[in-house]
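Asker: Below is the structure I would like to discuss, written out as structure tokens.
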């Protein structure tokens, strides 16, 4: 007969240095296919250690162990898992069922790790439970079954992948006499059908059910009744319908997610408290980004209304130059020279004054701006009615008023403003256009009018000098290069740099930089909150691994690879973080809606789908990173120690 199990000089020692204990000493043993063997011995004789080695849960320190012709010492942990999964079925004294799974779910576990097709394994598991007298009990949890029924579930689990070798550790130890006899009858029947059965027991009555009895004492075989194949049938090959890699991965992922949800449901409060850290962390990050974007957009809109490609030129070397009033070198000829430059779109000379505007007995203080014809293009001011000046050099008595002026002077008169003659101080002027008022809050009630710069210079101010020049640059012109060229041109004309240049693009960049710095600081605080929540996830996952050590041992015993265990716990961590991330994004949007409702138009929180996707990706990454250490710890557990932790 074929040698199925063969041990040659196997020894197993535990401990290091002087603190060592030898449990097995030079054990030689051969078991052929179809035998039913009982290994008997007192407590501490080494029989459980021998069974663990035969079941590829443990490895010897010395000697060789061959299972179905393969040297177990040469196999990797994943290859040992494959041997357990495909050749060995365990029946434990304490059943070792996973409490959160039904009887059917417990039986299916080895088949899941063997890549069996879902419907096929479910039919096979149902048939096994029915054959063992558990029909109608498939969906009961272990706590709803008697001890004998739980042991039958354990037997069905051992057979789901074929169970060429059945290793039974004290199979009747936790059962009453009747249930024990039923289990022994099942084992005898399995052996008759071709399964190789190895029982470990301390009870000679149980051992006598086997055809071969091996006695252990202090780690050595002291008696062996001799081999005898008792099987009367050849074990049929199990037909398993295997799935493709991707379908298998999907199946395992689904099973891991179900286990994760059950674990989260079992510890609702702990899961909720863990998730809160992720919820507030993600919510704070997304909200800070949205508020920062809203503030930035509002600031840019304000600056845009001033014209970011507009350069303003004023007399004096700086704002605190005491000689500004005496400088008379900024003249209309400078504006003409600038207008000839290829990088300039339009130019407007400027003269400022203030005086009363009067019409039919109505009077108001007006800000009078002497400007060129292209001023409205330079500043981007919209003309609602009428046209600009016919000419800006010949002191024409024309005026353009804004909406505030029209309301203050012409409302309730029943007259159209266009074409009417108004007085600016003592200078009469015809209204030729109406411009849109500045919508900034600081100018909402200001009355502003525009006249040709020559008119203001000669008829109102009486000085042939400008108070400023506004220049609009062409699109796609480098602002810094243009400002440098303007400065060089005016310096050559004046012989000295007696002017100052302002460009709102520089102001915009400065404000954007400041805003970005402030946003980054707040974002860092939000990220610290998220990091604290992430550490909480890792902490809870480590606790979960400790609490579920026994479950990990059971899964390893029935054939789970290290990667299977790692995947399960990483998925659980990712699931916690994903749910927390989704709730955090929802909380952020609710917070943004409340802010927009209560901010009274200061600025609005602006959300983007990119930020939401990034937050969702971030929560997934957190689950993977902070779930890795607990998952790695779970995957590296010793199955023997894990099984003993119940």
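Just so you know, glycine gets a Cβ as well, placed from its N, Cα and C.
Given the structure is predicted, the values throughout are model-derived calculations rather than measurements.
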Asker: Which stretch does Swiss-Prot mark as transmembrane segment, out of 497-517, 518-538?
Answerer: 518-538
Asker: Which one of these stretches, 272-292, 293-313, 314-334, 335-355, shows up in Swiss-Prot as transmembrane segment?
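Answerer: Based on what Swiss-Prot states, transmembrane segment spans 272-292.
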Asker: Using other CB atoms within 10 angstroms as the count, which residue among the binding-site residues 41, 44, 45, 46 scores least?
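Answerer: 44, out of the binding-site residues 41, 44, 45, 46, has the fewest neighbouring Cβ atoms within 10 Å.
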Asker: Mean pLDDT over the domain 'ABC transporter' (5-243): what is the value?
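Answerer: Across the domain 'ABC transporter' (5-243), the average pLDDT comes out at 87.
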Asker: Only counting partners 6 or more residues apart, tell me which same-chain residues put their Cβ under 8 Å from the Cβ of residue 42 (ATP binding site).
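Answerer: In sequence order, 202, 217 meet the Cβ cut-off.
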Asker: Tell me which of the binding-site residues 43, 47, 48 sits in the most Cβ-dense spot, judged by other Cβ atoms within 10 Å.
Answerer: 47
Asker: Specify all same-chain residues, apart from the site residues 41, 42, 43, 44, 45, 46, 47, 48, whose Cβ lies within 8 angstroms of the center of the Cβ atoms of the ATP site, ordered by sequence.
Answerer: 202, 216
